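A.B. asks: Take this structure, written in structure tokens, and hold onto it; I'll ask about it next.
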Amino acid sequence: MLSRKVVFGNPRLSISNVATRPTPVVAPSKQGIQTDYQKLVAWDSVKQERWLGELQVQGQIPLWLNGTYLRNGPGLWHIGDYNFRHLFDGYATLVRLHFDNGRLIMGHRQIESEAYKAAKKNNKLCYREFSEIPKPDNFLAYIGDLANLFSGASLTDNANTGVVKLGDGRVVCLTETVKGSIVIDPDTLDTLGKFEYSDNLGGLIHSAHPIVTDREFLTLLPDLINPGYLVVRMEAGTNERKVMGRVNCRGRPAPGWVHSFPVTEHYVVVPEMPLRYCAQNLLKAEPTPLFKFEWHPHSKAYMHVMCKASGNIVASVEVPLYVTFHFINAYEEQDEDGRVTAIIADCCEHNADTTILQKLTLQDLRSFSGQDVLPNARVGRFRIPMDGSPYGSLEAALDPNEHGRGMDMCSINPAFLGKKHRYAYACGARRPCNFPNTLTKIDLVEKKARTGSTRVLYHLSLSSSPGQVQQRKMMKLLEQSSPMVFPMDCMGAGFHRHEFNTRITVKKPLDVNFFDADEYKYRLVVINKI
């Protein structure tokens with residue numbers, strides 16, 4: 001009997017079942033891998049729709065490290081002879097790593113979304129992806145596509161952004177379209193079908209990164225007609241989203257993009273940045289510079305705070321312009337009497353520079369020639385006053401040079417979700433580069449950063465041990481095409497590493513994920529090869 005712990009986007013998530021030990025399958029040798037940026041397999045499509053095998057281990061995996069780790073992300077960037085334009089267009093590949101008494105069994109499988117199945121059947125793009133638009137066969141087909149756009153029928157369900165485990169044990173892969181919520185089997189990686197929301201809230205899009213705990217699922221539904229956001233909550237064990245409240249946008253002409261958002265213990269923080277959804281860009285037959293968005297600096301930028309209990313807006317402030325994909329965390333700042341005086345929200349902020357979206361085109365990622373082309377980024381810290389003041393502030397939480405002026409794919413110890421945190425983990429930069437390439441530990445008290453490795457490609461996740469406040473235990477790293485295990489305490493001082501000899505490509509998981517080690521004794525950090 002093998003006791004498994006399946007881990008995803010939330011702490012303390014486990015599934016127990018009975019399984020037989022798989023027959024070892026030796027993965028290909030690492031010999032011959034190209035490690036220069038121009039030839040990284042990071043930016044290539046997966047070679048097989050499905051793969052399963054045991055990886056050869058050099059060194060020793062700690063015997064206490066038992067469990068299963070799941071990720072998804074874009075993995076297939078072409079259909080037939082047609083190559084996609086953008087990193088975010090890739091059809092989703094689900095990856096599974098199973099640790100068992102010093103062994104590592106790995107598998108991957110394409111998520112069978114309607115978009116992927118239609119493309120495979122017809123050998124062409126059939127749904128609207130992030131930057132890709134199907135070519136209509138004739139004018140009538142074009143008119144039909146426009147009608148399908150308004151109903152959402154032509155939007156993709158390509159769930160390539162995140163994987164979460166709900167409080168009732170169901171595992172769901174997500175993207176920014178509501179229809180792209182897909183239930184999968186965490187053991188076989190089979191696609192089980194759509195996650196059907198049982199409410200009548202409708203909506204075409206939602207935040208790609210909900211807040212998911214054992215008790216609830218929180219997300220934002222942007223309203224593209226009457227600009228604003230519904231804040232909704234779904235209790236564990238149900239499919240029904242219930243409205244907690246609504247935030248009306250203060251800027252126009254559309255709501256700002258909400259790829260992610262933070263919460264505190266008592267509040268939901270709703271960002272409204274001037275990188276706004278654009279219906280006109282959705283209607284165009286060719287890609288636009290900012291894809292489905294437009295930059296509206298004159299519309300200004302805002303941060304809104306909603307009370308979880310009442311649904312009331314308790315603060316709405318103008319802040320400096322910003323561009324962010326990923327929020328790190330938020331917490332409540334209190335005075336000596338325990339009154340909440342401000343909300344502090346940290347994010348990976350790109351200095352209000354939208355060029356980061358263009359830098360994620362596959363042409364740019366595949367053509368790196370050694371020049372320093374990655375736009376600058378920082379740990380942006382918002383301070384939202386709770387005294388009715390009309391303005392909030394946005395500053396760098398530490399000198400961006402501490403982390404190479406690169407910052408994204410962030411994580412914290414999830415025991416501090418909504419609480420004051422000291423440490424954050426993310427991907428920084430060792431320049432020159434065209435993408436974040438280092439594992440970086442941020443100390444927000446000392447305002448220092450420690451870089452753990454170079455050429456790490458490229459995503460971070462962290463789990464916590466219940467009751468622990470110490471944030472340094474153990475981390476696991478997938479670098480280049482080889483996973484590695486090493487102590488987190490060694491960050492910045494060289495690593496004791498155990499490498500797995502394999503060329504298996506772990507495709508990029510786009511965003512934050514947390515998980516626990518066996519019996520919750522250790523916390524692990526994972527950086528995934530894109």
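Keep in mind that glycine also has a Cβ here, set from the backbone N, Cα and C atoms.
Curation does not apply to TrEMBL; its annotations are automatic.
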A.B. asks: Can you tell which of HIS209, HIS296, HIS298 TrEMBL lists as binding Fe cation with HIS259, HIS326?
C.D. replies: HIS209
A.B. asks: Looking only at Cβ atoms, how many others are within 10 Å of the one on HIS259 (Fe cation binding site)?
C.D. replies: 18
A.B. asks: Looking only at HIS209, HIS326, the binding-site residues on record, which one has the least crowded Cβ, with the fewest other Cβ atoms within 10 Å?
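C.D. replies: The binding-site residues HIS209, HIS326 were compared, and HIS326 has the fewest Cβ atoms within 10 Å.
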A.B. asks: State the three-class DSSP label for HIS259 (Fe cation binding site), counting H, G and I as helix, E and B as strand, and everything else as coil.
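C.D. replies: Assignment for HIS259 (Fe cation binding site) reads coil.
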